[in-house]
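Now, the feature entries from TrEMBL:
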- 1-21: signal peptide (SIGNAL)
- 205-469: domain 'G-protein coupled receptors family 2 profile 2' (DOMAIN)
- 208-229: transmembrane segment (TRANSMEM)
- 236-255: transmembrane segment (TRANSMEM)
- 270-295: transmembrane segment (TRANSMEM)
- 315-339: transmembrane segment (TRANSMEM)
- 366-388: transmembrane segment (TRANSMEM)
- 418-439: transmembrane segment (TRANSMEM)
- 445-467: transmembrane segment (TRANSMEM)
Amino acid sequence: MKLMIIIFIFSTIFYQKKLLAIHTERLCPLSMSIPLSNGNLQYKNNNFIIDNQELLIPYEYQWQDGNFTYGCICNISTTPCIRKCCKKNELLTNSLRPKCIESNETLPDIMPNKNNLDDKLKNIIGISNHFQIIYNKICPIGQYRLEPENFEEDNYILYSNGSLFATGELLSQWHYCMDWQDNFNNTIVVLICHTSDLNSETIIQTTIYPIGVIISIPFLITTFIVYAIISELQNLYGKTLMCYVGCLIAAYIFLASERFVYNGHHLCEFIAFIIHFSFLSSFFWLNVMCFDIWWTFGGFRGLQGTAKQTERKKFIIYSIYAWGCASFFTGICLIMDFVPQIPRHFIRPQFGVQSCWFMTDEAKAIYFYAPMGVTIICNIILFISTALKIIQHKKDTAHHLKGIDSRRHDDNKQWFNLYLKLFIVMGINWSMEIISWLCKDAPDYIWYVTDLANTLQGVIIFIIFVWKDKIKRLLLKRLGINVTTTTQSRNSTKSGGYNSSNSTSKILIPLREQNSLNLNNEQNRVATVMDDDECV
């Protein structure tokens, strides 16, 4: 008899442990669960009182998360479930990112427009007559609002089983919620939850690309610091490069941080505006760099004054242009998103609605790709014009120095590196970004290389503008490290051949003969840029 009692006790304990183990598992999505331990539910005859109904939720349909207990009401309900976004006495605000507010009046049963119901639901008085209501708008990774009154593609159909056809796909009950808007003025708001479909393409976009961005940031910061602490690099060319790199630093830092911010949060909107302004600023500073090189080789008359005064004036003009244009376009986005008088059917950026970026491709095209595309086209034109001028200058100088030392003018590597640097700096990667956006039917994997190169711009810029012998020597000198031995070795090597700086200076002789004295300083600066070994 004692043995039977012991067996019974142990079997009971084992069963309870097994039962508790089941309770800790999530038996249904959190969005389709009701809290049973919040202290607000009434309890009668071992049943929970929900919407004035006594419902028995067996233990096998309850699960625990820490100290909270939830019930899977949809698993025992005889009618399909549907989610009301807010509590019973609350409704949604009339905004792009609706919030739940308490209503001063008694809310009627939710009833969508009959055009949004399938045939089986057209005769119902309210959704509570056909559905089990769950009160929450939980979306793990954010939500966005459908606007069928403004966009035809946002129309939806509610089916009798609780599923919703919207945005071109059939959504389950946990994928959306609906509620009255403001003072229930016959407007039903539908909020759609974001999903995280982790296929091979999204893994690359959500994992590989952010890693590339994070890798770029220290290289960009290093480039900026090097040009900031070395006084020899504090010319107009160095300052414009610092502005360009500074814009990319800001854009990349916020681009890396936005993945940690929920959509719909005000911080998400702020991040989107910073990213937009930073990237646009970088495009316009690229445009400045291209224009400055083109102007220098074009033989145009420079501004009056000393070399320092001229550089200061040009930098002020360039700053007004770059920062001003970026501010103008970002300001338009601010107006379109936050001025309530703007008609709702206008294409707006809608930052922070679906992500910390634009909501639609049309908005991205108007407010981002359009100004970016204009600067890239201008840069390509300036690049081609500059390259042609360099080729012409090389031909013009060939007969002057032929017989003196023709080797000084046959260094194709020097010219090739100049072309390559110009083309990379002028945004070849961003050109591919626009092309990939235009060619939407092409497989995404075609653009993986260019997209990854875009995220690794910091590494590319560091290699082009910092990983140079002259930069290393200047940096060692700035840090107080003796570089006498290295310099002497380099000078002895040059004495056996020719000095590339002198060669570059001689190449520019016809330019000095053709242009006025005011151009001398600018051409000397470009001579430094053109030197492959001592490029700053």
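All residue numbers here begin at 1 and follow the chain in the order shown.
Each residue, glycine too, has its Cβ placed from N, Cα and C.
Tallying C-beta pairs under 8 angstroms between the transmembrane segment (445-467) and each of 208-229, 236-255, 270-295 places 208-229 first. Residues 236-237, 240-241, 243-244, 247-248, 250-251, 254-255, 257-258, 261, 314, 318, 321-323, 325-327, 329-330, 333-334, 349, 351-352, 356-358, 367-368, 371-372, 375-376, 378-379, 382-383, 385-386, 422, 425-427, 430, 522, 526, 529 of the same chain lie 6 or more positions beyond the ends of the transmembrane segment (270-295) yet place their CB under 8 Å from a CB of it. Across the residues of the domain 'G-protein coupled receptors family 2 profile 2' (205-469), the predicted structure has a mean pLDDT of 81.
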